[in-house]
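Chemist: One structure is given below, represented as structure tokens, and several questions about it will come after.
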Protein chains: 6
Amino acid sequence: MSDGEGHEPAGRLSHLKGSGEAHIVDVGAKPATARSATAEGWIEMAPPALQALRDGELEKGDALATARIAGLMAAKRTAELVPLCHPVPLTHAEVELHVETEQQRVRCRGHAETVERTGVEMEALTAVQVALLTVYDMCKALDRGMRIGGVELVAKSGGRSGTWQR
Amino acid sequence: MSDGEGHEPAGRLSHLKGSGEAHIVDVGAKPATARSATAEGWIEMAPPALQALRDGELEKGDALATARIAGLMAAKRTAELVPLCHPVPLTHAEVELHVETEQQRVRCRGHAETVERTGVEMEALTAVQVALLTVYDMCKALDRGMRIGGVELVAKSGGRSGTWQR
Amino acid sequence: MSDGEGHEPAGRLSHLKGSGEAHIVDVGAKPATARSATAEGWIEMAPPALQALRDGELEKGDALATARIAGLMAAKRTAELVPLCHPVPLTHAEVELHVETEQQRVRCRGHAETVERTGVEMEALTAVQVALLTVYDMCKALDRGMRIGGVELVAKSGGRSGTWQR
Amino acid sequence: MSDGEGHEPAGRLSHLKGSGEAHIVDVGAKPATARSATAEGWIEMAPPALQALRDGELEKGDALATARIAGLMAAKRTAELVPLCHPVPLTHAEVELHVETEQQRVRCRGHAETVERTGVEMEALTAVQVALLTVYDMCKALDRGMRIGGVELVAKSGGRSGTWQR
Amino acid sequence: MSDGEGHEPAGRLSHLKGSGEAHIVDVGAKPATARSATAEGWIEMAPPALQALRDGELEKGDALATARIAGLMAAKRTAELVPLCHPVPLTHAEVELHVETEQQRVRCRGHAETVERTGVEMEALTAVQVALLTVYDMCKALDRGMRIGGVELVAKSGGRSGTWQR
Amino acid sequence: MSDGEGHEPAGRLSHLKGSGEAHIVDVGAKPATARSATAEGWIEMAPPALQALRDGELEKGDALATARIAGLMAAKRTAELVPLCHPVPLTHAEVELHVETEQQRVRCRGHAETVERTGVEMEALTAVQVALLTVYDMCKALDRGMRIGGVELVAKSGGRSGTWQR
């Protein structure tokens, strides 16, 4: 994926493509450097569903372990899903999920790293999105009204734009 | 994917797998019937990013057209991403995106249909999630702080549980 | 994939989507019936490349056997490649390649069958396209100027539009 | 993918594999350098189909925007389709399509770049092939007899063989 | 996948393809019926690796939970991996792994079901193979010499050849 | 994939993840160096099946050529199948199969190379596993009782752990 550093200067749009045609921006001249990104999000659900998830009573099995694997695997396939993302071989990825009982939700954090010409924000976000989809799938027999929200980048480092923190 | 009808009775958990091991639930005895599902979600962003998206001024190209295609293609690959989803050949799929200027966001609606033994909620949700990820990718040069939320099922029909509307 | 029978009447365009937005057309109401399609195409190359291909002297190995497998495998993934294609489980597929010495080319024929709600023209064409790409890949060390052409549907059967022959 | 530079000297076939068994040639000793490739092709169709495509009246939606995305996404998956291609993370990709009214066809140009040990001719050609397949899919309700042709490399640069132009 | 029922009579080889060219055999005339298959296999390893796996002390995390998900996901993609397999939408899949302490190995059992024109032996075997590969990956920091063996079909049912048991 | 060098010191388990949660270990600080791996395995079958395979009399076509391609293509997709494998662009891959008449089996050897931060053992093993699955698929009409075994790493080189030979 591109971390938006392909345009000059940051904050303005270059008009390389007058016609607005979708393309994968050129990052060939950028150096391959260490980059990381962390994203978060949550899924909120009705108490019985959250209870069953916590107690390991879901018909489909362990939701958090399954979602973690799903998120990691999806991160590796980000460039297949997001059309204009550059393919980036990840050097490190983590997905964490934990139950926030008071807010009646499961929170997910995804982290990705690479040593490449472009950032890994999309990989971190994709990990979170697919992990949360997987929790939905595991719990939907008990609650169809679950809602996913708060999906956002929380930090990134590396590349010309340097470190960014929410 | 499974629409949660594999357990008996609805609302309770069968304990086929005492160990809580993840598995793809058996839907072989269910009849293949017409099923549909619709999901929604949004991505909110800073005014300059939304403005550039609306004006077709994004460096990467037309965000809405690209996101629509990305959502449709992802819907067809749902069972590759969500580990315990049944593979379901879709008979119909649509992804709509439109700008909600006042709320400073892009809203996405995904719709999927099949004639199968299990529902298509996951396909509709996956279409929305990947379409919103794609909007993020197209706009992130102008706003890293965008947030995805409100991702939820809005309606489903077909299967033993029949029609459900939020 | 859709065989274009989703619109009414054949030969005219329904305007279900006023905005011209891409979508996967609804074939849910169509019956699942036996359908087949056959497509063809060729790749022409310089005499030394064709000679090496025929003599089994290519550095990368047996071009025709490799291309045949590549075409068959691609046919099964057509709906992943062509955005608005319906996923169709094939019941039969063949790819044939043979050398046409006089025309200095390799001709490819792809055939696909299913019992579904939509046709398999795209699967037959995809098989041909990817088989020919593979021949290009195997031979390009000897000829960069190869040209692929004549890729077209030669016959289809099944569905409301019935049998069609070039 | 390999650009055929794995053999010594160029223009002759090394016989590393006496048995002619397919394999992915060794490029490990080659330096990673900037490489690019451009390919072209066209699809010709009957006047009513071309007219509907130009007027945005196709039932399936906007053919050129959809084909552009399809071509870009396929380029990233070239090594999954073409058996002996090396996987190459692209640093830049573009797909352009435009209508050639007089010749009654749509012309496609695909461009790919990387900084790797092997060239990207196959990626550029795959982008063109899948973009043209997508145009076929979008228009086939109006014309089954469309024909794809003229698919060829038009230029490449980088690697030991240097720049090549048709 | 095909369960070998495409030839007539069982036990003999029809010579539809005189040239021995690979193809996906025609199952279009066969009825869609309930089919199941179960396969098994094991991976043996050195005592320290097995101990770490059992104690949940592997650096990469929980090997059995990860392998189970990997096997289930691979089963759904069998037709992408095995060139002449028919695509088969699974209606049920399970992967079980357990430690056999005395034999110093982990045993895996994979089970798949569908209601289709062809059997699911390959899906069950693929689930086992990829689950065992995943165990290898999780444990290889402690033992490079692990060995996978005993991978075989243990039972199948459905289709013209009926029930088969090892 | 990771070659297990991510932990310190070799032979002991670091406890970076107290909870034992699956993750893709960090290899970002490791240098990209030349690495290779070779794996082997076999499939044994009844004499009539082996005879038909050798004589090119299998209904599905040439088993060894098909299995070779399948193995090579699977090696490139290892990181999609094995959840915690790092994606590794291969620079070289080979799959060899030959009949061992006396033992009534087909032996397969897979070899992979890269210039990366992590090893390619999993790629070599995946090539062997999928090639053997493909032989099973091609021959199963004649023998359902085939057994795959002896799948193991035979050599690796490169990385901190250096050369390893069985």
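Here the Cβ of each residue, glycine as well, is placed from N, Cα and C on the backbone.
Sharing the features that TrEMBL gives for it:
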DOMAIN    B:25-159  domain 'Molybdopterin cofactor biosynthesis C (MoaC)'
BINDING   B:L84, B:C85, B:H86, B:M122, B:E123  substrate binding site
ACT_SITE  B:D137  active site
Chemist: Which of the recorded positions B:L84, B:H86, B:M122, B:E123, B:D137 have a Cβ lying under 8 Å from any Cβ of chain E?
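Modeler: Cβ contacts with chain E under 8 Å: B:L84, B:H86.
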Chemist: Could you state the CA-to-CA distance between B:D137 (active site) and B:L84 (substrate binding site) to the nearest Å?
Modeler: 27
Chemist: Counting all other Cβ atoms within 10 Å across every protein chain shown, which of the binding-site residues B:L84, B:C85, B:M122 scores highest?
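Modeler: Ranked by Cβ atoms within 10 Å, first place goes to B:M122.
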Chemist: Limited to the domain 'Molybdopterin cofactor biosynthesis C (MoaC)' (B:25-159), I'd like the whole-number average of pLDDT.
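Modeler: Summing pLDDT over the domain 'Molybdopterin cofactor biosynthesis C (MoaC)' (B:25-159) and dividing by its length gives 97.
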Chemist: Kindly assign B:M122 (substrate binding site) to one of the three DSSP-derived states: helix, strand or coil.
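Modeler: Assignment for B:M122 (substrate binding site) reads helix.
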Chemist: Taking the Cβ of the residue listed as 'active site' as the centre, count every other Cβ atom within 10 Å, in any protein chain shown.
Modeler: 28
Chemist: Helix, strand, coil residue numbers for the domain 'Molybdopterin cofactor biosynthesis C (MoaC)' (B:25-159) per DSSP?
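Modeler: Output for the domain 'Molybdopterin cofactor biosynthesis C (MoaC)' (B:25-159) reads 46 helix, 44 strand, 45 coil.
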Chemist: Short of 8 angstroms on C-beta distance to chain A, which of the listed binding-site residues (B:L84, B:H86, B:E123) are there?
Modeler: B:L84
Chemist: Over all shown protein chains, what is the count of other CB atoms within 10 A of the CB belonging to B:E123 (substrate binding site)?
Modeler: 29
